[in-house]
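What TrEMBL annotates here:
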TRANSMEM  12-33  transmembrane segment
TRANSMEM  39-60  transmembrane segment
TRANSMEM  80-98  transmembrane segment
TRANSMEM  118-137  transmembrane segment
TRANSMEM  149-168  transmembrane segment
TRANSMEM  188-209  transmembrane segment
TRANSMEM  221-243  transmembrane segment
TRANSMEM  272-293  transmembrane segment
TRANSMEM  305-328  transmembrane segment
TRANSMEM  340-360  transmembrane segment
Amino acid sequence: MQKELVEKISLTQLFILVSAFLFGSAIVVGIGGEAEQDSWIAIIVACLLSIIPVWFYIFLVSRIPEKNLFEIMEIAFGKMISKVLILLYILYFFYISARVLRDFGELIVGDMLVNTPIEVISITFMLFVAYILYLGLEVLGRFSEIYAPYLMGSILAVGILLLFSRELHVKNVLPILPEGIGPVMNTVFPKLITFPFGELVAFMMILPYASKVRYAGKTTILALMVSGLILAYSSFVQIATLGPEAKLRSKFPLLTATGEISLWNFIERVDLIIIFVVMFGILVKISIFFYGGLKGLELVFNRPYRAFIYPMAMIIAFMSIIISKNFAEHISEGISMVPWIIHIPFQYGIPLLLFPFVLWKSKGLRSEGKKR
């Protein structure tokens, strides 16, 4: 195997990557709509509850330092069993990459380049993702530092501009919890707890590359909390502008809400700017999942992950087109099938199965270290 390039990201870059990853497609397609006017509450509840599994992911990685999820599996289960699980995770990471890419393709084709085939959008975007990852994880981290202020600043600015446009109507958010906490919890489990928060399982492939691993866990939790609040804020703004029913019906509620901005007959069509800004979140999310899958291929086939980048990028672009016939079917699968059949086993099932083996193996490794 060729010598790997040393890849490190700073804690600031880790914070930004986690935040942008959570925004990803969640900020575009909207989340928590099933809780209607209480969707922002559901997001906050899901964010708080997600601290537990995210802390668990961090704990697993910290028990065997400088090893990612797949390397930990190899130590815990042995090469034969771990290869099967790694191949399953590779499929999971690539499948979610394709789903997020489909979200992006539908967004661009539906609101900007209406006459452009979605195939062109998907292939072009994946080539860009592949190029960044070919340069290394550090490049993705540095790129994120440049783009992050525009992403977060734009999301926060939407609410302010809508307020000055007199399009925010607090009555749309009332009454709070009219049917009790039940609808909120039904939205939290399993939807919000798996998308977007549970998807942070992919960062078990990234955390070992933090420059100060000791503080990587705290940084990840902090990014989770900040991102959860911003997602809740975005949901609140969307409901206050559109109302709960219109938000639920809208394909891209954030863009629909920003379309209402009109100041002095001059500041209009802000939704086009928002598309370019949220593109960064989608780029990060696809990149993290894609990188995780590539590192799996690297371990299984004992070749540098860069050897697989461009072929797999084209396969994911193709997958994003064939996974569903239309956007309605794509969203329906994401709500009804993906959380139960795909997310829960990989976000919770296998990590829980890994837990006792990691404890056992890590104790053995530490006792060997003491003997030496």
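Just so it is clear, glycine is given a Cβ too, placed from its N, Cα and C backbone atoms.
Spatially, the transmembrane segment (149-168) is not adjacent to the transmembrane segment (340-360); fewer than three Cβ-Cβ distances between them are under 8 Å for residues at least 6 apart in sequence. At the 8 Å Cβ cutoff, the transmembrane segment (80-98) and the transmembrane segment (221-243) share fewer than 3 close pairs (sequence separation 6 or more) and do not count as touching.
Contact count against the transmembrane segment (118-137) (Cβ pairs under 8 Å) is highest for 305-328, out of 12-33, 39-60, 188-209, 221-243, 305-328.
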